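Here TrEMBL flags GLY25, SER26, GLY27, LYS28, THR29, ALA30 as ATP binding site.
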Amino acid sequence: MLKQLRTFAVPNDRALKVGISGGIGSGKTAFTNCLAALGGVRFDADEVLRTITGSPGRALTQIREAFGASVWEPGGQLNRAALAQLIFSDSAAKARLECILHPLVWQEMDRVVAPLKPGDVLLAEIPLLSETGNHTRFDCCVMVDAPLEVRLSRLIGGRQLTEAQARARINAQASRVQREAIATFWVDNCGTPEDLNADATALWNLLSRV
């Protein structure tokens, strides 16, 4: 179900920038896929992160300097699982990693936005929008949510996490109240894929009319 929680200002001199986020396992990627099929220019922060932390990614040298050999494979590749486990259990490590990665992500988004014109719509999927305070970079924010049991099931089944690991990752992120505080639109992803697609269509109709 799609709900509009607050109004937003539409720029008349540049593209409309829409930030899409939600808790881990909420279905924000599926929702963004539905929206992108209808129009707009997609920006996927996770895809950028995979690029800059892959070989020979721009972030690797800084990550090695910050975290040492404990997050590296013997062959010289970044051990993503070890790094993820570290940052979900150590808030200071998480903050260090964000200081390395986030500026590079925003640089890439600026590159994508630069050629866009007034009337264009940027659809930016940003996992930690409410946690980082970067919602102010966007004209409106869409938060996707799902019941806790559904999110746990997706993390345990799809990402091969234990229940304890899945709960820890969920608890490390912003609460529903924190997400609602910055959301322009709220999507309750508690139905079928067809329901989610209908919500995306309804939102796109709103965005493309403004």
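Backbone N, Cα and C define each Cβ position, glycine as well.
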*Residues near the ATP site, GLY25, SER26, GLY27, LYS28, THR29, ALA30 excluded, by Cβ within 8 Å of the Cβ center?*
GLY22, PHE31, VAL144, ALA146, ARG154, ASN189
*asked:* Please give me the CB contact count at 10 A for THR29 (ATP binding site), counting all chains in the structure.
replied: 15
*asked:* So if I measure Cβ to Cβ from LYS28 (ATP binding site) and keep only same-chain residues at least 6 apart in sequence, which ones fall under 8 Å?
replied: ILE20, SER21, GLY22, GLU125, PRO127, VAL144
*For SER26 (ATP binding site), which residues in the same chain are close in space, meaning a Cβ under 8 Å from its Cβ, but six or more apart along the sequence?*
VAL144, ASP145, ALA146, ARG151, ASN189
